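Shown next, in structure tokens, is the structure this report addresses.
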């Protein structure tokens, strides 16, 4: 308990500390900021010369890329155009994850669950802290995410994690380490994107399988920006000496709170905090205060 409170207090004072970390500048040139990892991952250009990355899935291989840098706190934005038509069984992901021991890992997941033609995409989210996950929330997107690019964002600061879709907040997890609730606070994370087959669970609980005759399945990514802290020499307190660091102390204003409440009322289709089958003896302590 004492260690958790101490860590929280240190992070809260981080805004006063300068020079221990650099603020990574935003960039829209994908090849400068991400590494292509495996599979059919390609750098492409649209008709206006704008760079983007495509990730494709077939019955032999997945594909992925990751950020060149690791970060400790930041705002991360990326535009995605998801797999059109029959994408059942596929999952397109953007996530942040630590690279230390898995049993203590932190992770922020945005997983887009494929569907049969004409059905809405489901955005599946989860947050791990110190190896503890099982914090799933799911949302029906209120637009067609395959018709054009849409912007998906993660704000991660010492006070909260906030997930946004086209600037609209859909999920928040507050830092409640003072109440012994794990929170991603002091382990740097790297951003990854991938596409993979999960037909055992992704579409209608696995009832609809991947139809490989519709493959390869391809999603497109562009305009990745990271206004974020890049740690130096194992130092983890974030300085604010350059760049746009408004995210560091960001909280939701009244309008943001209303938008978050509206999305939760209209578009959230699953919340671990309201699932009594999983928690017959009471919900986790963070429930009801996010």
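Quick reminder: no glycine exception, Cβ is built from N, Cα and C everywhere.
Unlike curated entries, TrEMBL annotations are predicted automatically.
What TrEMBL records for 1-221 is domain 'GH16'. Summarising the annotation, TrEMBL assigns signal peptide to 1-28. Residues or ranges marked as active site, nucleophile in TrEMBL: 107. Here TrEMBL flags 111 as active site, proton donor. For 115, the entry in TrEMBL reads N-linked glycosylation site.
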Near residue 111 (active site, proton donor), which residues of its chain come within a Cβ-Cβ distance under 8 Å, counting only those 6 or more away in sequence?
91, 92, 93, 95, 123, 124, 125, 126
Other than its own, how many Cβ atoms are within 10 Å of the Cβ belonging to the residue listed as 'active site, nucleophile'?
18
Between the Cα atoms of residue 107 (active site, nucleophile) and residue 115 (N-linked glycosylation site), find the distance and write it as a whole number of Å.
25
Please report the number of other Cβ atoms within 10 Å of the Cβ of residue 115 (N-linked glycosylation site).
23
